[in-house]
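Undergrad: The structure follows.
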Amino acid sequence: MALNTFFAGFLSFKEELSLSLLRHLPSWSLPQWTCPKLEENSNSTESSLINNDDIWKSRIREIQGAIMMSSLFQMAVGFTGIVGFLLRFIGPLTIAPTITLVGVALFHVAAEHAGNHWGISMATIVLIALFSQYLTNVKIPFPGYSKERGGVYVGHYPLFRLFPVILAIAVAWIICAIITAAGGFPSDPSIPQYKARTDARTAVLNEAKWFQISVPSLAFENRQFLVLYVGLFPGQWGTPTVSAAGVFGMLAGVLASIIESVGDYYACARLSGAPPPPKHAINRGIGIEGIGCLLAGAFGTGNGTTSYSENIGAIGITKVGSLRVIQFGAAVLMVIGVLGKFGALFVCIPDPIVGGVFMVMFGMIAAVGISNLQFADMNSSRNLFIVGFAIVFGLALPNYMKSHPNTIETGVSEIDQILTVLFSTSMAVGCIVALFLDNTIPGTIEERGLKAWRQHLSVESDEQCQTASIKVYDLPFGLNRISNYKVAKYLPFLPYNSNEQETKRVIEL
């Protein structure tokens, strides 16, 4: 979060665990990674527990190494400008299915959470709709103090417009607490409605420590590298290990994450009212995400980070797209990260409430993707075929791969893992299909929407848009002075503004 908003000079993106990287798990479902069966024995000793720790720690160290090595690939793709080069072949007919699938492909996650109690989920949805849409112009009187106004005064603030999701969660949580106290929810954990209880996860809150910091393991054979180990590998599980199978399997997740992030960047720009990101900003954003994955792997999280798609929906609902909000939130999360009680408190949010929020957020993401079609001629059967087939195939193939994970057998396990993970990711499948069809099926520039799309980015057609683009995607802390030197022209992740001709040409996608 902080890295992308500060050093990438990027949009108000919240970085979170990468679902694309989580799909690398088929790589660790191979026979050599199968956990041994636990034998029920009354004479179990503490040594058996230690052996079990060795088993899972060896696996997470393997995951750490794979994440760190694959993140180097992501950094190279971003900072060398490969992503920016590929953007010239991407238009609205590619962006629209990709972003749409980000929201649509996650519908089962929302349904699983909401299905625990549809009544609470629908109440949450109604509250979000009420606060964010119906009461958006209602202002609440709130006391304030100002010397210019002579002391205490009563101001009016659009509370519902600023905090619709937080207010909806709070009200729904209170409703769940009342019903729980009244005995309206079942007390049997095997019943789905049990997850609507506010005390369903109180054990997590009770067991969480107030203050906890992960301490690096100091067990190292060669003591002369101890300082390097502590500095570069501050994980608590030991020294990360690297294998070709693990790295290649994780690379597929990284590729899917890159594709998803590019779509997220455009979607976030549209909802934030910012101009579409130029190539140097996208290159820099992907590179910084690679650094984030490297740090996440080093610290032993077991996953990397990427742009959080649900954040797009949150921006659309709350109308808050400020970088300062995300930066402040990053600082808060760093504090909460060492205060276990606060993190456990959010875990206690009932699942149906989370499901209701997901319903709204994922819907916003899908709608943002569809809105990109305004640039293309949707009366054209060519465009209808590309968009429709990309979305349906992007849902069908991953669903089939989920049911048949061992379908691909090329004889090379690394290739099998890459293709399996790639074809199991809806965004990647939809993007590849739409990109191929849009660039191979004959069609005019106007029909494909490229003329309107590029005109939207053109300085000649909208000088104000380009000026805003420079301000939004500039480097922080005065580093934008680098863009005035000619060396910036040869670094694809930096803006180059010194040549007047460069600022007057149309930005290529």
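Residue numbers in this text run from 1 along the chain shown.
Quick reminder: no glycine exception, Cβ is built from N, Cα and C everywhere.
Quick caveat, the model's predicted, so the values are computed rather than measured.
Relevant sequence annotations retrieved from TrEMBL are reproduced here:
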- 66-87: transmembrane segment (TRANSMEM)
- 93-111: transmembrane segment (TRANSMEM)
- 118-136: transmembrane segment (TRANSMEM)
- 162-185: transmembrane segment (TRANSMEM)
- 325-347: transmembrane segment (TRANSMEM)
- 353-371: transmembrane segment (TRANSMEM)
- 383-401: transmembrane segment (TRANSMEM)
- 421-441: transmembrane segment (TRANSMEM)
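Describe the structural surroundings of these features, if you would.
TA: Non-local neighbours of the transmembrane segment (383-401) in the same chain are 93, 96-97, 100-101, 104-105, 373, 376-377, 407, 420, 423-427, 429-431, 433-434, 437-438, 441, 443, 447-449; each lies 6+ residues outside the stretch with a CB under 8 Å from one of its CB atoms.
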Undergrad: Which stretch, 66-87, 93-111, 325-347, 353-371, tops the Cβ pairs under 8 Å count with the transmembrane segment (162-185)?
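TA: Comparing 66-87, 93-111, 325-347, 353-371: 353-371 has the most Cβ pairs near the transmembrane segment (162-185).
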Undergrad: For the transmembrane segment (118-136), which stretch among 66-87, 93-111, 325-347, 353-371, 421-441 has the most Cβ pairs under 8 A?
TA: 353-371
Undergrad: Take a look at 66-87, 93-111, 325-347, 421-441 and tell me which one has the most Cβ pairs under 8 Å to the transmembrane segment (353-371).
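TA: The stretch with the most close Cβ contacts to the transmembrane segment (353-371) is 93-111.
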Undergrad: If we skip the immediate neighbours and take only residues 6+ beyond the ends of the transmembrane segment (66-87), which ones have a Cβ under 8 Å from one of its Cβ atoms?
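TA: Answer is 21, 24, 27, 240, 242-243, 246-247, 249-251, 253-254, 257-258, 262, 279-280, 282-294, 296-298, 303-304, 492-493, 508-509.
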